[in-house]
Amino acid sequence: MTNIRKTHPLTKIINNSLIDLPAPSNISAWWNFGSLLGICLIIQILTGLFLAMHYTSDTATAFSSVTHICRDVNYGWIIRYMHANGASMFFICLFLHVGRGLYYGSYMFTETWNIGIILLFAVMATAFMGYVLPWGQMSFWGATVITNLLSAIPYIGTNLVEWIWGGFSVDKATLTRFFAFHFILPFIISALAAVHLLFLHETGSNNPSGIPSDSDKIPFHPYYTIKDILGALLLILMLTLLVLFSPDLLGDPDNYIPANPLNTPPHIKPEWYFLFAYAILRSIPNKLGGVLALILSILILAIIPLLHTSKQRSMMFRPLSQCLFWLLVADLLTLTWIGGQPVEHPFIIIGQLASILYFMILLVLMPIISIIENNMLKW
């Protein structure tokens, strides 16, 4: 008798993507982040659902409803902090996942890569709207500053901003619609993640060497299921440590002050995972130019496959490209630091140099170094 796992229409899908999936025999821990992102998404949807049961999306009660969750709801504090810090873990996994893709040339699977970029934008949009919901000072002013960027669009900008706000400023209408979008987007993200996986399974996984591994495949279960469980345990351990020991480590103290449209905080800044893009935005003196640079800082990933000039897929055997890659990582860390600093000397010039270097590495230096490495192989 044939196993029901392999024949039933529902279990067959699970079997072919999680159990009998042929996987390369040499994929490292850098390939764990897909499953970790799935776990992050599940944690966020579940904690978010329980928070939504007690949250009210009204300017008069939003802040106090979050306080009520933390003080009066059974284990509300742990649900709230798991959701807030779960977002940070989500972005850590996202950045490492994208970094892995850049390093090992996984971007050559263009469909998977492009869906991944759409997913990144969707998660960033969700996180931004979620940050507005507690209706603290940084929530309100962050929403005001970021939505206001759309007014830089010629001709339709002002109308567009007022349409998004639902009025002439960030107010009740804005909060209500942000809550609605924040609730629906994770389900759209789940659907996109399924499409991401669908495209990946058309080609099979890449591996650290970048060499096709069709001749050497092993079943996903038990080898990679046990490996993913180890990764998941480490993720949950890190999240638990963060939530139980320093839940406010990555947050902004200003968000414990209720939103006040008459009082601007001294330094408006987003959550840490947006600081690199925020630094790029601020480094350009022109408003429209800054907005374009902000969008391009992520959208640039879409043209990475077109800029691949190397004869090798992975950076595993390309020491010069490796040096550039780690320079890019250092540059992004610098941008993250600058994004959290006030707009004054020397931070302005550091931010501008780091922004130029970011685009230089991806658009100019990487392709040139790859060509040099190709020629070095001839010597």
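Placed from the backbone N, Cα and C atoms, the Cβ positions cover glycine too.
The structure displayed is predicted, hence computed values, not measured ones.
What Swiss-Prot says about this one:
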TRANSMEM  33-53  transmembrane segment
TRANSMEM  77-98  transmembrane segment
BINDING   His83, His182  heme b b562 binding site
BINDING   His97, His196  heme b b566 binding site
TRANSMEM  113-133  transmembrane segment
TRANSMEM  178-198  transmembrane segment
BINDING   His201  ubiquinone binding site
TRANSMEM  226-246  transmembrane segment
TRANSMEM  288-308  transmembrane segment
TRANSMEM  320-340  transmembrane segment
TRANSMEM  347-367  transmembrane segment
Least buried by Cβ count (within 10 Å) of the binding-site residues His83, His182, His196, His201: His201
Seg_contact(the transmembrane segment (77-98), the transmembrane segment (178-198)) with at least 3 CB pairs under 8 angstroms, min sep 6: no
Neighbourhood of His97 (heme b b566 binding site) by C-beta distance under 8 A, where only residues 6 or more apart in the same chain count: Phe33, Gly34, Leu37, Gly116
Distance [Cα-Cα, Å, rounded] between His83 (heme b b562 binding site) and His196 (heme b b566 binding site): 24
Per Cβ pairs under 8 Å, the stretch of 33-53, 113-133, 178-198, 226-246 packing most closely against the transmembrane segment (288-308): 113-133
Chain residues outside the transmembrane segment (113-133) and at least six past its termini with a C-beta under 8 angstroms from it: 55, 57, 62, 66, 87, 90-91, 94, 97-98, 101, 106-107, 139-140, 142-143, 146, 174-175, 178-179, 181-182, 185-186, 188-189, 192-193, 195-196, 199, 270-271, 273-274, 298-299, 301-302, 304-305
Within-chain partners of the transmembrane segment (33-53) [C-beta distance under 8 Å, separation at least 6 from its ends]: 69, 79-80, 82-83, 86-87, 89-90, 93-94, 96-97, 100, 182-183, 186-187, 189-190, 193, 197, 228, 231-232, 235-236, 239
Reduced DSSP assignment, His182 (heme b b562 binding site): helix
For the transmembrane segment (226-246), distant same-chain residues with Cβ under 8 A (at least six beyond the ends): 29, 32-33, 35-36, 39-40, 43, 78, 81-82, 85-86, 88-89, 93
Secondary structure at His196 (heme b b566 binding site), reduced by DSSP to three states: helix
Rounded Cα-Cα span from His182 (heme b b562 binding site) to His196 (heme b b566 binding site), Å: 21
Nearest-integer angstrom distance between the alpha carbons (Cα) of His182 (heme b b562 binding site) and His201 (ubiquinone binding site): 29
